[in-house]
């Protein structure tokens, strides 16, 4: 008898107040890294009606016009008029940025680059699953694609009443851990006052939802389980509706709850912070193990001590789907991936201004050039080292059928 279960993940758009904050923090990081590769950045942002506050610790030789960068980012997101409730041209900008503590710096900055220590203690998780073509869990993948589609339709003017703030949620049905159908959808989008709820619902379903979701999965979803703006009007949104903070959407940023999370946020942190770089490396490791056919699902945990270069632990969980022992997978990881802080930077080419794009629609499952941690360039070597030989036609065919 098949085991049936549900799993739900959510995402939010670039205009959600927490994501506005994340993008501002990462735009500042990018601007600094473009001038100073050795900068240390920990930038936090708060947005609320009529104001932006940036704070944190930044040590750099770069010369940055913080106010201009912040205003441009808000305007690009779509908050460009007081009628929307937030305007990048007129909001107040408060700067409370200081410098990195010398106590932290002495553990991170070393004479020899290879001795660079971790910027903090902590544990980070990476995850991959063969249930989608990007080796990500299906619920978060389609939750992201819904709000990405909302932004695309808003920007191209196809539905001119759309506004920047939006949220999505997708519930999938699984049979024996394989996704087979969509059971429920929530899509809430900010809108201008003149649109009726009936018109909005029909347009959102036809223009945003149906083009994104697999038709065979969507066919199983009952109409009463498609929730479009279920509370009615969503006119007041963005920072006017809610206070936004950097780092408050860490599950949206990662695996939608399908994998564990070490607790550290990403945005606004330069890659010397293992909260960010080791989480990216964890995804890189897990994705390559799954791409190599060594497991169908894989979760990798890496941990560090502040000021220490080598990880304090590396562990793997394949949830019973591994082709070889998990202890052997750990050996392969240690042989094929340099998980020291300097190794993370070099392996994934992280000291670049690439982070604005990561700050909305997820840090993983994005196969664009900036997302080096999504490459599967080590899969063949891992498979050979495991003694499994080249990928079979059977494996290739199964993967080609993923949604």
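Each Cβ is built from the backbone N, Cα and C atoms, and glycine gets one as well.
When the ranges 100-110, 111-121, 122-132, 133-143 are checked against Swiss-Prot, the one recorded as region 'Flexible loop' is 100-110. In the three-state DSSP reading, residue 273 (L-methionine binding site) counts as coil. Take the Cα of residue 166 (ATP binding site) and measure to each of the binding-site residues 18, 44, 273: the nearest one is 18. Among the binding-site residues 57, 242, 269, 273, the ones whose Cα sits within 10 Å of the Cα of residue 44 (K(+) binding site) are 57, 269. Under the DSSP three-state reduction, residue 18 (Mg(2+) binding site) is assigned to helix.
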